[in-house]
Amino acid sequence: MSIEVANESGIDVSEAELVSVARFVIAKMDVNPCAELSMLLLDTAAMADLHMRWMDLPGPTDVMSFPMDELEPGGRPDAPEPGPSMLGDIVLCPEFAAEQAAAAGHSLGHELALLTIHGVLHLLGYDHAEPDEEKEMFALQDRLLEEWVADQVEAYQHDRQDEKDRRLLDKSRYFDL
């Protein structure tokens, strides 16, 4: 799976974390593992321009998604022809997201993970224009975020245990004389 990230926002964010959450969601949603995704991070001025051009709405927004093909919820970009399929582009605005994160009382990283999940779901055909769609999409988004965080915690704990085991084994070598 290829995920390209271009950060033109001027804000330092963890691109590895964005890729991690996108990969997690794509895998959980059973998308073809050869799928490709592009992520672009913009400043508020550039995002406002994009928002006006594509949505005819003034001001910046947090996330926009541009799917390559229209998909229905549950649809998969795993066409029978060989080769990777392009899901589309996700555009994030970290500066705008930072304001939302502060208002919600969580970190920018948490907000960007949430917005990445939101963007991927849009690429897969989910929407929130109608109340029922919103309920379904936001519940799925929250569940995926919770599962990704749990996965990250488990990986961290596993890495810490591996490090402890390595140090213990290194110390035990002194007794093998």
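Each Cβ is built from the backbone N, Cα and C atoms, and glycine gets one as well.
Keep in mind that what you see is a predicted model, and the values were worked out from it rather than measured.
Among the features that Swiss-Prot reports, Zn(2+) binding site is placed at H118, H122, H128, with the record citing sequence analysis. Packing around H122 (Zn(2+) binding site) is summarised by its Cβ count: 20 other Cβ atoms lie within 10 angstroms of its Cβ, all protein chains included.
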Can you see whether DSSP assigns H128 (Zn(2+) binding site) to helix, strand or coil?
coil
What is the set of residues, excluding H118, H122, H128, whose C-beta falls within 8 angstroms of the centroid of the C-beta atoms at the Zn(2+) site?
V63, S65, G119, L121, Y126, D127, M137, Q141
Return the single residue from the binding-site residues list (H118, H128) that has the minimum number of other CB atoms within 10 Å.
H128
